[in-house]
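Student: Got a structure for you, written out below as structure tokens; questions coming shortly.
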Amino acid sequence: MKMENKTVTTGFTLLGFSEYSHQQVLISIMVLLAFFISVLGNFGFLMLMFFDHHLHKPMYFFLSSLSFLDICNTTVTLSTLLDNLFTGNTYISFSLCMTQLYLFMSFEAAEFVLLTAMAYDRYVAICHPLRYAFMMDTKICSSLIVASWIAGALDALPIQVSISQFSFCSFHQINHFFCDPNVLIKLSCSDLYILEILIIIEGIVATVLPCTLTLVSYTCIIKSILKIRSTESRSKAFSTCSSHLIVVIIFYVTLTCMYMRPPSLYSPGLDKLFSLLYTVLIPMLNPIIYSLRNQEVKNAVRKVRFRKQ
């Protein structure tokens with residue numbers, strides 16, 4: 001229990017990558033480029049699926065929501081870093097910090113649920129192809145997308161409210177580029193018992209449950225694919241879910257490295273690195289992965305190029 005040096009908190013100092021002050025120009029350029037590539041890539045992917053009627057299918061509705069979610073998450077987490085790098089401003093008010101914390105956690109939880117819904121979509125498409133149009137119509141698809149956003153918003157609320165009630169020690173420096181929950185907890189002088197219970201509940205609801213459902217979906221998918229006798233048909237069936245499977249693996253591996261490392265491996269530098277992978281690299285890769293391994297998306301891109309010529 002931490003009970004010393006309590007102070008009224010009006011704001012924090014985000015240290016960002018201050019330990020690499022001699023490389024600030026290079027870091028600034030790389031972060032800005034990664035930010036624009038990520039946002040523009042997902043925005044372009046979003047527009048492509050919006051304007052091409054051939055992509056108005058359940059799977060692409062999910063991909064549109066994922067792209068929008070990635071844009072929101074990247075913008076929320078990198079806004080303070082870009083401000084730090086290009087203006088030198090390291091201060092963030094308490095209210096803005098709590099807002100950023102809530103949005104980051106809600107987007108993260110929403111992505112867990114959305115990826116699970118996408119796994120279910122692939123399960124229905126491969127294991128019940130004749131019933132796909134009935135089981136994944138527009139109404140059901142929209143309901144799953146809305147449910148993922150609502151689940152994310154509700155899941156993040158208890159922990160954000162709990163952290164906002166903390167008393168923080170006099171040392172108000174956050175050794176990160178945004179208001180990461182782990183770093184804020186380490187700065188707290190309050191009793192963490194209630195928060196620890198909330199984190200366990202949140203971990204089960206937002207992480208373990210979606211992960212289990214995703215594993216169940218892909219177990220059924222793999223069993224169904226292995227029953228297909230034709231090699232060509234088996235390869236075609238696997239290709240319909242391979243992009244999503246790659247994204248799921250990258251997402252879960254990154255978050256596991258970010259939040260489930262042994263205590264001996266925790267360091268501010270690694271935390272920032274994995275945070276950049278999650279907030280920049282994954283959103284930047286998602287459109288590329290789905291474009292390279294999806295013939296319908298490739299055809300839609302060719303149509304856009306043909307119209308411009």
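Keep in mind that glycine also has a Cβ here, set from the backbone N, Cα and C atoms.
What you see is a predicted model, and the numbers here were worked out from it, not measured in a lab.
The domain 'G-protein coupled receptors family 1 profile' annotation in TrEMBL covers 41-290. For 25-48, 60-81, 101-120, 132-151, 192-216, 237-261, 273-292, the entry in TrEMBL reads transmembrane segment.
Quick one: how deep are these features, and who are their neighbours?
Tutor: For the domain 'G-protein coupled receptors family 1 profile' (41-290), the predicted model reports an average pLDDT of 89.
Within the chain carrying the transmembrane segment (25-48), a Cβ under 8 angstroms from the stretch's Cβ atoms is held by residues 17, 55, 63-64, 67-68, 70-71, 74-75, 78, 81-82, 85-86, 276, 280-281, 283-284, 286-288, 290-291, 297, 300-301, 304, all 6 or more beyond its ends.
Sequence-distant contacts of the transmembrane segment (101-120), counting only residues of its own chain at least 6 positions beyond either end whose CB sits under 8 Å from a CB of the stretch, comprise 59, 62-63, 65-66, 69, 72-73, 76-77, 144-145, 147-149, 151-153, 155-157, 159-160, 163, 178-181, 184, 202, 206-207, 210-211, 213-214, 217-218, 244, 247-248, 251, 255.
If you look at the transmembrane segment (192-216), the same-chain residues 6 or more away from its ends with a CB under 8 A from one of its CBs are 1-2, 108-109, 112-113, 115-116, 119-120, 151-152, 155, 158-159, 162-163, 185, 248, 252, 255.
Away from its own ends, the transmembrane segment (273-292) comes close to residues 31, 34-35, 37-38, 41-42, 44-45, 63, 66-67, 70-71, 73-74, 77-78, 176-178, 180, 243, 246-247, 250-251, 254-255, 257-258, 298, 301 of its chain (Cβ-Cβ under 8 Å, at least six residues beyond either end).
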Student: I need to check the long-range neighbours of the transmembrane segment (132-151): which residues 6 or more away from its ends have a CB within less than 8 Å of a CB in the stretch?
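Tutor: For the transmembrane segment (132-151), the far contacts come to 58, 61-62, 65, 109-111, 113-114, 117, 120-121, 124-125, 206.
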Student: List, by number or range, the same-chain residues at least 6 past the transmembrane segment (60-81) whose CB is under 8 A from its CB atoms?
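Tutor: Tertiary neighbours of the transmembrane segment (60-81) are 14, 16-17, 31, 35, 38-39, 42-43, 45-46, 49-50, 92, 100, 103-104, 107-108, 110-111, 114-115, 117-118, 121, 138, 141-142, 144-145, 148-149, 177-179, 275, 279-280, 282-283, 286-287, 290.
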